[in-house]
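Below is the structure I would like to discuss, written out as structure tokens.
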Amino acid sequence: MDGVGTKWWPYKHKGSVNEVLIISLLFLPLAGGVFGMLFKNTSYSIGGIGLSFAASLLVIINSIEFNTAIQWLPDYSLGIKLDSTAAILICLVTLISLLVHTFSLEYMREDDGKHRYFAKLGLFTFSMIGLLLADHLILLFVFWELVGLTSYLLIGFWYKKDGIPASARLSFMVNRIADVALLAGILMINNSGSLNISELSGTWLFLPSILVAIGAFGKSAQLPFSGWLTKAMVGPTPVSALIHAATMVAAGVYLLFRVAPFMHESTLIIVALTGTFTALYGGLCALFQHDIKKVLAYSTISQLGYMVMGIGVGAGSASIFHLFTHAFFKAGLFLGAGAIIHYLHQVTKADAQDMRNMGGLKKALPWTYSTFLVCALALTGIPFFSGFMSKEGIIIAGWEWAEQIGAWAYIVPDVGLITAFLTALYVGRMVLLVFYSENRLEEKIVAFSENLSLKVPLIVLALGSFWFVFDWNPFAHESRLSGYWSSTPSHSSDSISLIVMILSTLLAISGLVLAYSFFKPGSNYEQSFSKLEVGKFKLAFNGFYLVALYQSIGRGFSRFSQFTFAVDQMVVDGFIHFVGVGSVVISKVIALIDRFMVDGPVNLCGHISAFVGKRVAGLSSRDIQTQLAWLLAGVILILSWILFF
Amino acid sequence: MQNTLTYIFLFPLLIALVMLFIPAERWKVFRRLSFAAVAIQLVLSVILMINFDQSLVPESWEGAFQFVEKANWINMSLGSIGTISIQYYLGVDGISMPLVALSSFVLLIGVISSWNIEEKAKGYHILYLVLSSSIIGCFIALDFFLFYLCFEFMLLPMFFLIGIWGGSRRSYASIKFFLYTLLGSLFILVVMIGLYLSVVDGDSSTFSMVKMLDGAYASDTVLDPGSPQLIFGYSARVLAFIFLIIGFGIKLPAVPVHTWLPDAHVEAPTPISVVLAGLLLKVGAYGLLRIAYGIFPDVAIDFSGFVAIIGVISILYGGMNALAQRDLKRMVAYSSVSHMGFVLVGLGSITSVGFSGSLFHMISHGLISPALFLIAGVIYDRTGNRQMENFSGLAAKMPVYTFFMAVFFFAGLGLPGLSGFVGELMVLMGAFGSSQFSLWIGILSTLGIAVSAAYFLWTIQRMFYGKYFVRESAWESSMFDLTAREKLMLIPLTILVIAMGIYPRLVLDYSNETINFFIQQFSIGQP
Amino acid sequence: MNLIDQLNGILADLQGVWAESALMLGAIAVLVLGLARSGRAIKALFLIVLIFACYLNLTNGLRGDILSGSLFLSVHTSTFGILFLITASFLLLFKRGDKHSTEFYFFILSMLTGSLLMMKANSLLIIYLSIELVSFSSYILTNFSFKKKGFEASIKYLLFGAICSAIMLFGLGIIYGSTSTFLVSEWNSETFSALLPQVGFILLLVGIFFKISIAPAHLWVPATYQEAPADATAFMSIVPKLAALVLLKRIFEGQIFTSNHWIYSLVLGLGILTIVAGTLGAFRQSNARRMISFGAIAHSGFLLPLTLIQSTTASESLWYYSVVYAIMNMVTFYLLDVHERNGIVEIDDYKQTSRSVWIGAIFSLILVSLVGLPPLAGFTAKLFLFTTLWEGYSLLENSQMLWYLIVAVIATVGSLFFYLRIPRAIFLSQSTDNQSINLNLSTKILATLFCIVLLLLFFAPQLVMEAQQLLNNVHE
């Protein structure tokens, strides 16, 4: 391998500009965050991430490719590789991160722990870039875990509030369990050759490949791990935008994209089906939420389902494209929600995330409204927006895949289409309930000046949700960026793409129409919304009780641990005590023997001699007649013995 | 370099001797002397580390050791078995060198942690220094007799250190510790005698561990691999190996002979917990590696699956028990049981990476567990209580404390970037790559990573997150953040844990050649 | 052979019993002197007698059968003789009131004579007589505390001893009746092939085991050791026991049984039983002296197999173990005595002594040596013992040796438990009334010296072996 040196620090032995660039790209966000925390100045963080973004742009512009390896363990090197896929995704990550940083400046302005917050954001960005730079699966796992850690730390950011620590732990644990599978999978593959992604070859066996897939499912919140993402929504909203919508959750998709060519075919089918059902699951649940962040979280789950489905059906390129577009519009939606929450926090004490406390915000937050709308349309999959292009690609590929696999496999594209309809429905519901009609709060709506640091990220993300960013042709399901991650452009038959496009556009529009008819200002639903209870949709509202399932597993586990502790105390330690008590009992027995075997005969002798002595003494003290009588008796006794025997 | 090992070994003992003649009233003198003694020990081990030749490729065990010091100690003719020859024989190889450095480092942390001990300071520091000498001695002794001497002589100081300066049930805990470990060490003694009767140096029997490692058996002796002799129907070598597994397994400690550990830890004063978890457990692991695996490679191959299963059970069982604890220190103690299980799995794998992983994990756990006990000690020092339910939201009140807690908790749960991960990863790489046992052992050990996350995170949630709360208002005044002395202990540990996590070759470069040679012994041993 | 030659032979052989004769004469001299003087003078005479006996013993170069085979001299009889005499001289260290000290030293000297003869005995009669001589002195010495309990213990001891003695006498009769020889040296592998002499042999063993305190003939030990004066106990627990062991070794040296003979197994089994009984018996004792006496029983069990295995290792181990055992027991009883004089009798009483750190530490080390932990000579003794057992196993291929080894190992762990109770009481328990006990400097120095000797013998065990060779070769 090129660049394998004995020294681990690549900088020393190559010393090229590129390396300096890569290193600053990687470490600047972290350094900025740490310095920002140490010196209590947020500009370090912004500067760090800004420079990092600039560096990533330089990498893109100069099409820098980079490949090295560090000898991490003796005789074991970890590859680092910056190829075009990684480069473009790093660019995406740094961009979104920069926007989130900017947004957070305003959002977190009043918070005491904001320096801690920015340091954690920096650590996260660092880990995410590292994840993308890693060529070696173990190195990838290292950053994968770090990403999980920062997610945990940021979810638990407001650790003093009730419920938040538990949610953070739950998210981390769910991730961790999936990570165990991932690690086991990676280590199984380790035996059959190099773990460098660029050197992978052959097809993995089913077990390792399904384990790796499970790892990816965990991070990308696929069923059955989806629950953690909704729990993660207790973190600060910009964090949700960055980590739980745009970047970290996409890491699973990214991993699947990298390893899909080596996956066992049954695994791929499982991946496709998991993605499909997760998409449907997310869409269904999103429809019944009150909490705006929960709607978005379920929507993210659903969209991630699409991406995973795309990997499963062999349309990796389309999935990454969807990852890309999704990053923009979902981050935009989350930041928009953040702006709303930020605003509501200032006007009311009521739950700022509950849509039942919203309504009519169009007037109060015009910029937010318009950008939110653009992003929402992109999510819906309406032509002329980015979401349309990328989603089509996946569904078309699913259709083609189903043609090859068999009739039952049509469930994949069909569910994809149904989900598209559901997406339109819940997006329409959300937008209508949040921005239209009248405000459902008791407090009066006041005008609110949308700060520049709030506005700029929203506008950038909204712009990124239009079609022209990705291709001039709004009906292309490829992007001009596709070349970065895929060398072979997909070539689907035009008839299928046409059908799918028409179908999905129709479904999306009908979804929106249906949403309008249900949730339009003044409709029954809208009127009663502020007092709406969960009612008959409990199942979907609670996300099919996935979280409750985790919790009960956790409780069972905890109870089991009490049991093992009891075993430890009573059986294992008890055995030792038993031995101890046993020897004490034996020693008592020995003490008894000691007493009776030695003292017994002595005492017996003593008693006998005392008895005899008494008699004898008695004899000798009596008067002489009595003594003679005894003597006579004795003689008679002896004589009779002689006579009769 | 001539006699550095002797200085490292005996210097604390010398200082302890000096202490005998200092009046007990001047208690501050003792801690300074202790500090000086252990600090010099550390400096000397660093000098050794610098001068250690990492690239030495051994041809035999005889050639694997560096800085060797050898002198005849006891030489007497003992009848039919020839002369009994016990040597004062010291040396380090790639396996023991990092452990020596770790020992002197952790012992120094222990002295700093004992800074506040005023009560019977004289006795305490004398015992502590004796303990220091014997721990180091275990790692550098190349004569089995000398090793055994040091191994046993750790018990007595430990017994008194727990028994006199410990908590409320210290008497029970210390006697349990002593009995358990003495039982273990007598198993080792029996094997030692067997080896002594079987191994020859020239034509006299010898205790030389190097000769034992190189397999210099006299023909037709009990432990000669070629000997057909059976004991109770088993090959003598198999029995000897099992004895060693039991003996060192108690020290390690492996489930089900681990129950002394939680009690000893809970009752021991903080510095002694630090040394106990950081070093004494490592002596058990070192003994397994050096003696059980080194001298009996042919048996070890047959038993590796068994060892690995014990390891897996320890990992999961220890982890489950840690989850059930409410006492912070007891939780950490059980986590030690769980972590030492990884060492067993690594040993069981009989692969180069597994062995390296075990060694690395020993070093890494030797840094993490002392830190965890220090962290438990902080809260105990302030309040005299360690029950988790009595504290909540400490993060708000003690941010620096929380920071260090987080570093070491995450190191404990195997977060990449910290040393705990590397050890676990390498052990697992070994386990998955091993031809000795089924894949499931690897998968089950991997589950241990999730279990450790469960108990550490739950502890964080219960004690550090949430609203600030302490059970007794009297504690309120003492809930201040870390003092300078506490930071002084935790910062070096943190630096090392991070450095080793990022750059594991810090340790592995020392051990690499030795372990590669070690593994070759197994391929030779195989038919 | 004419009468003159025979007489000359006897006269020449008398050199072999000069030490015993000197002791006997010395004993009488002590009694005579006791009429006029007491205290220091008696002690001085006692010491002179011992030194003189030592000298005679050292210069005696005779080995092998003497006096028509009634005695048998060997390396062991000469070196152990010196050991016994030195042990006896240590009795002077004990504090002893002037009352009855004359009689005390008289009986000690008689016991010493008996013990030396016992070791050398080759004739069944001498065996019986010497054992009786030792026993009778012991019965009386037990009573020397002049308390009711001491009298009780003495009576128990007497009854027990009388029974054992009777049994042994019966056994001797049977052996003589069926082999028509009194001489041990004439026994060979065919002597005990029939059942009857085997039974006789077992009965003989009862008498010897009574002296060694091998189970079940150990029952007299706790009460006796507890009630007898400390110095007498120290002496009784060392000298007669070791003498009987040497005798036993001498008997088994004749290769009269093969290693898988049932008598062999029986003896090993009884040894195991002794270890178990001694160790377990000590667990629940509350009296310190009684606990130590159970420990001494266990030590008898540890020593026993060394007499059965016929190898140089075994004899050297026996020598080493005996020397170390003598030192350990002497200093233990010395310290117990010192404490008892301060009213510290029960183990719990030691809680009051926590301020006497130095003596506590020394005491702890001595007890740890009794357990057999490094770096004290007690460990080396156990190490040699275990080595001998291993070797015995591979030499004799007798798996009982392995069992013995295992039991010995486990008992060592067990013994830790009870021996540690005294250090625990001293250091680990909190007592409100911490008073310093009254110890003078000489006690401390003495105990420390003993402790240093035990350390030294760990680090240089060859000293003991070299001493043996030295003592054996002085006469040349």
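Just so you know, the numbers here start at 1 and follow the chain as drawn.
Placed from the backbone N, Cα and C atoms, the Cβ positions cover glycine too.
When I checked TrEMBL for this same protein, it listed these features:
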{"type": "DOMAIN", "residues": "B:83-133", "note": "domain 'NADH:ubiquinone oxidoreductase chain 4 N-terminal'"}
{"type": "DOMAIN", "residues": "B:141-442", "note": "domain 'NADH:quinone oxidoreductase/Mrp antiporter transmembrane'"}
{"type": "TRANSMEM", "residues": "B:6-24", "note": "transmembrane segment"}
{"type": "TRANSMEM", "residues": "B:33-52", "note": "transmembrane segment"}
{"type": "TRANSMEM", "residues": "B:124-142", "note": "transmembrane segment"}
{"type": "TRANSMEM", "residues": "B:148-165", "note": "transmembrane segment"}
{"type": "TRANSMEM", "residues": "B:177-199", "note": "transmembrane segment"}
{"type": "TRANSMEM", "residues": "B:231-250", "note": "transmembrane segment"}
{"type": "TRANSMEM", "residues": "B:271-293", "note": "transmembrane segment"}
{"type": "TRANSMEM", "residues": "B:331-353", "note": "transmembrane segment"}
{"type": "TRANSMEM", "residues": "B:359-380", "note": "transmembrane segment"}
{"type": "TRANSMEM", "residues": "B:400-419", "note": "transmembrane segment"}
{"type": "TRANSMEM", "residues": "B:439-458", "note": "transmembrane segment"}
{"type": "TRANSMEM", "residues": "B:488-508", "note": "transmembrane segment"}
So if I exclude everything within five residues of the ends of the transmembrane segment (B:177-199), which remaining residues of that chain have a CB under 8 angstroms from its CBs? That is, six or more out.
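Cβ under 8 Å, 6 or more out: 81, 84, 144-145, 148, 151-152, 155, 158-159, 162, 205-208, 211-212, 216-218, 221-224, 236, 240, 243-244, 246-251, 257, 259-260, 263-264, 287, 291, 295.
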Counting only residues 6 or more past its boundaries, what in the same chain has a CB within less than 8 Å of a CB in the transmembrane segment (B:488-508)?
98, 105, 109, 112-113, 356, 359-360, 363-364, 367-368, 370-371, 374-375, 404, 407-408, 411, 416-422, 426, 482
On the DSSP side of things, how many residues of the domain 'NADH:ubiquinone oxidoreductase chain 4 N-terminal' (B:83-133) fall into helix, strand and coil, could you say?
31 helix, 10 strand, 10 coil
Go through the chain and flag residues at least 6 beyond the ends of the transmembrane segment (B:439-458) whose CB is under 8 A from any CB in it; none is fine as an answer.
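Contacts of the transmembrane segment (B:439-458) (Cβ under 8 Å, skipping residues fewer than 6 from its ends): 305, 308-309, 311-312, 315-316, 319-320, 322-323, 325, 331, 335, 338-339, 341-342, 345, 348, 409-410, 412-414, 424, 427-428, 431-432.
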Quick one: do the transmembrane segment (B:359-380) and the transmembrane segment (B:271-293) have at least 3 Cβ pairs under 8 Å, skipping pairs fewer than 6 apart in sequence?
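In this chain the transmembrane segment (B:359-380) contacts the transmembrane segment (B:271-293) - 3 or more Cβ pairs sit under 8 Å.
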Is the transmembrane segment (B:231-250) packed against any residues at least 6 beyond its ends, judged by a Cβ distance under 8 Å, and which are they?
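For the transmembrane segment (B:231-250), the list is 180-181, 183-188, 190-191, 194-195, 222-223, 225, 257, 260, 284-285, 287-288, 291-292, 296, 298-300, 302-303, 307, 310.
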Taking B:124-142, B:271-293, B:331-353 as candidates, which has the most Cβ pairs under 8 Å with the transmembrane segment (B:6-24)?
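Out of the listed stretches, B:124-142 contacts the transmembrane segment (B:6-24) most.
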Mean pLDDT for the domain 'NADH:ubiquinone oxidoreductase chain 4 N-terminal' (B:83-133), as a whole number?
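That stretch averages a pLDDT of 91.
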